[in-house]
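Contents: one structure, followed by commentary.
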Amino acid sequence: MLLPDLHPYTILLSIFIVLLLKQLVASIGKSTIKEFVWLVYLKVSSNQSIKTYNSKQHELHETNKEKRAISAQDEYAKWTKLNRQADKLSAELQKLNQEIQQQKASIDKVSNALLLVLTTLPIWVARVLYRNTHLFYIRQGIFPKYVEWVLALPFLPNGAVGLTIWMFAVNSVVSNFAFLVSFPFAKKVSKPVRDTKIE
C-alpha cells in the first residue's frame, strides 16, 4: 500500500491539531455546535419555507394582538373572524414547523458527519496508516528496558516512539490543560453541611 511520505514531525503536528480540535469540540459540546450551525443556516439560507414561517409567525402575532385588543362580547363577528384566522395560521405554522424540523434533522446529520470527519476519522486513518512509523527516538539508557518497550508499542523497536504513545500523551496533556483552563469558570459547588441530630 502506498502511503503519503510524511515527515514524522508533520504527523506529530497533524495529530496534535486533530486532538486539540477534538478536545475543543468536547469542551464546547456537539449539541452547541449543531445549534450554532443551524442558526447560521437560518441566517444564510434562501429556503422559502423558513421565510414563510417567519412571516406567518409575525402575522399570527399581529392577529392575536388585534384579537386581544377587542372585546369578544362587543364585536363578536370581528373577534370570530380573527379567531378563525389565528387558527388557520396556527395550522399552517404547524405544517411549516414539521418541514423545518426535517430540514434541521438533515442539517444535524451533516454537522455530525462533518465533526466525525474532522475529529475522529483522521485519528483512525493515522493509526492504521502510520502505526509502524517512528516519530522520534529516545536515547538508550534513559529509561529502563520495560519503559522503552512500552513506549515502542505497538510495532516499533525499543527506543522508538510511535503514534499510539504520542496520541496517548497528547490526549492526556490537552485534556488536563482544558481542565485547568475551564476549572476557574466552572459552577461553584456549595460547601456540604453536616446534618445535626435533634433530640
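Keep in mind that glycine also has a Cβ here, set from the backbone N, Cα and C atoms.
Residues or ranges marked as coiled coil by Swiss-Prot: 66-116.
The topological domain 'Lumenal' annotation in Swiss-Prot covers 1-11 (among others).
The topological domain 'Cytoplasmic' annotation in Swiss-Prot covers 32-115 (among others).
For the topological domain 'Lumenal' (137-160), the list of distant contacts is 131: same-chain residues at least six beyond its ends, Cβ to Cβ under 8 Å. Summarising the annotation, Swiss-Prot assigns topological domain 'Lumenal' to 137-160 (among others) and lists sequence analysis as the type of evidence.
What Swiss-Prot records for 178-199 (among others) is topological domain 'Cytoplasmic'. As a summary of secondary structure, the topological domain 'Cytoplasmic' (178-199) carries 8 helix, 0 strand, 14 coil according to DSSP.
If one looks beyond the transmembrane segment (12-31) by at least 6 residues along the same chain, the residues whose Cβ comes under 8 Å of a Cβ in the stretch are 6, 112, 115, 118-120, 122-123, 126, 135-136, 163, 166-167, 170-171, 174-175, 178, 182. Per Swiss-Prot, the feature transmembrane segment maps to 12-31 (among others); the stated evidence is sequence analysis.
Proximity of distant same-chain residues to the transmembrane segment (116-136), defined by a Cβ-Cβ separation under 8 Å and at least 6 residues beyond the stretch ends, is recorded for 3, 6, 8-9, 11-12, 14-15, 18-19, 21-22, 25, 154-156, 160-164, 166-167. Taken from Swiss-Prot, the feature transmembrane segment covers 116-136 (among others).
Sequence-distant neighbours of the transmembrane segment (161-177) (same chain, 6+ residues past either end, Cβ-Cβ under 8 Å): 11-12, 15-16, 19-20, 23, 123, 126-127, 130-138, 150-155. Among the features that Swiss-Prot reports, transmembrane segment is placed at 161-177 (among others), with the record citing sequence analysis.
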Chain residues in Cβ proximity to the topological domain 'Cytoplasmic' (178-199) (below 8 Å; excluding those fewer than six residues from its ends, i.e. six or more beyond): 23, 27
